[in-house]
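According to TrEMBL, the feature transmembrane segment maps to 12-39, 51-72, 79-99, 105-126, 138-160, 166-187, 244-267, 279-302, 309-332, 338-364, 376-397, 403-423. Taken from TrEMBL, the feature domain 'Major facilitator superfamily (MFS) profile' covers 14-431.
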Amino acid sequence: MVTNETSKSYARWVAAISALGGLLFGYDTGVMSGALLYIENEFTLSAAQEGAVTSMLLVGAAIGALTGGRVADAIGRRLTLILGGLIFVGGSIACALAADVLSLGASRTVLGLAVGMVSIVVPMYISEMVPADVRGRLVSLNTLMIVVGQLVAFLTNSALAHTGSWRLMLGLAAVPGAMLAIGMVALPDSPVWLRRRGRFDDASRVAARLSIAMGADEGASISSREVRAAERQALRVPWIRRTVLIAVCVGVTQQVTGVNAIVYFAPKMMNLVGISTENAVYTSIIIGTVSVISCWIGMLLVDRIGRRRLLTIGLVGTSTSLVLLSVAYKFAEADTRISALVLVLMATFIAFQQAAVSLTTWLLLSELVPPAARGLGMGIAGLGLWVANWLVAQGFLPMVEAIGGSLSFLVFAVLGGMALVFVRANVPETTDRSLDDVAAEMKRRAEARY
């Protein structure tokens, strides 16, 4: 007999293994900030080439996010994550062996495919594999692993800085990639996917082991082609289309606060207010440490106070921090003694962002999209998030050059305020509710507007 505690222990194990995808996501998005210093010297890169090598991961991630959900519907969440792990291994080794900037850019694009794929499929898989009362905490484990991965990347860069071995920095990601692929071999596919493919006995067996309530066994087994056709048809249904659009906006909300402007460029921004390059590098480690601690706190809170309320608190906190950061940065440009306050406010912003905004947006993406359009819908939402990420990464430094750092932070504060209004008007509370119940709530809300 499977007890409730046994089920939750198994659910935690499932979440821990699959969340290695989040670790890889974080490591590969964070490691380039340090490795690029040495790549630039070896390949004599221009500024445009530096930007291209960095952003190719984001381009690949956008493609991987869009296609990842479809692949997961076709071959299952489990096999998709095994495939993702293998791509991480191959892409990391290819980066380490790159002979020139073109091969490095191509390898980073391949890695991006895996990053985008796991960014969608890991929260999808965990949300379908754990009971509703612990879903928030366990899906959020993926977000925690993302920031842990970024911190590991920053620490690895610092540890290897004296060697200048950028190839080792990039190649080390092959190790957790292999662990993800091997670990997923031992796990089952999700009951949601099994039921949709007509494997009702297998779905019931997995659901029973995890103490997940399953809906009625409706319909017959359908092929991968029929799944894709059914999802395209589902997106023509007004309430489903509206729900997917809301999910897209929730994903974009994570980026319009400017989080990755600070994650990617905090050392650069500190350097611009008079901090030496040597000391500015340590800004990333401080930001990474705050990210991990605050994300852990958010995990403990998300099932207690709810997604919608936590996201609201986060957006208020990030917008307020950005307004104060805008003011402090303006004064720091004239007086470097205020640079310490700038760093404190950056850390405060990151604390609200990672404990509330980033954590809840990844979670809501896995909960809002209805089962009828889950693969395609989450892929579209993920595409929106990664495109927004790319726009922030590409546009932030030119914006700083055009209007200054102070006004740039203020722009993100305004966008965060607009995101807050959107969330309060359109996002329901999903805590302690089954995925089917959330879908029914979104349908009721949409129909009330028609």
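Placement of Cβ uses the backbone N, Cα and C atoms for every residue, glycine included.
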Subject >> Residues from the same chain, set at least six apart from the ends of the transmembrane segment (244-267), whose C-beta lies under 8 A from its own >> reply: 30, 33, 150, 235, 277, 280-281, 283-284, 287, 291, 315, 318-319, 322, 346, 349-350, 353, 357-358, 361-362, 364-365, 368-369, 373, 377-378, 380-382, 384-385, 388-389, 391-393, 396-397, 408-409, 411-412, 415-416, 418-419, 422-423, 426-427, 442
**OP:** Determine which recorded stretch among 12-39, 138-160, 166-187, 376-397 has the most C-beta pairs below 8 angstroms with the transmembrane segment (79-99).
**Re:** 166-187
**OP:** Report, as numbers and ranges, every residue of the chain located at least six residues beyond the transmembrane segment (403-423) whose Cβ falls under 8 Å of a Cβ in that stretch; write 'none' if there are none.
**Re:** 249-250, 252-253, 256-258, 261, 269, 272-273, 308, 311-312, 315-316, 318-320, 322-323, 325-327, 329-330, 333, 396
Original post:
Where, among 105-126, 166-187, 338-364, do we find the most CB pairs under 8 A to the transmembrane segment (12-39)?
Top reply: 166-187
Original post:
Which residues, given as numbers and ranges, are at least 6 beyond the ends of the transmembrane segment (138-160) yet have a Cβ under 8 Å from it?
Top reply: 11-12, 15-16, 18-31, 33-35, 122-123, 126-127, 130, 168-169, 172, 263, 281-282, 284-285, 288-289, 291-292, 295-296, 298-299, 302, 354, 358-359, 362-363, 366
Original post:
Out of 166-187, 279-302, 338-364, 376-397, which stretch touches the transmembrane segment (51-72) the most, going by CB pairs under 8 Å?
Top reply: 376-397
Original post:
So what's the mean pLDDT when you look at the domain 'Major facilitator superfamily (MFS) profile' (14-431)?
Top reply: 88
Original post:
What else in the chain is close to the transmembrane segment (338-364), if you only count residues 6 or more beyond its ends and a Cβ gap under 8 Å?
Top reply: 123, 127, 136, 139-140, 142-144, 146-147, 247, 250-251, 253-254, 257, 259, 262-263, 266, 269-270, 273-275, 283, 286-287, 290-291, 293-295, 297-299, 301-302, 307, 310-311, 313-315, 317-318, 321-322, 324-325, 328-329, 331-332, 385, 427, 430
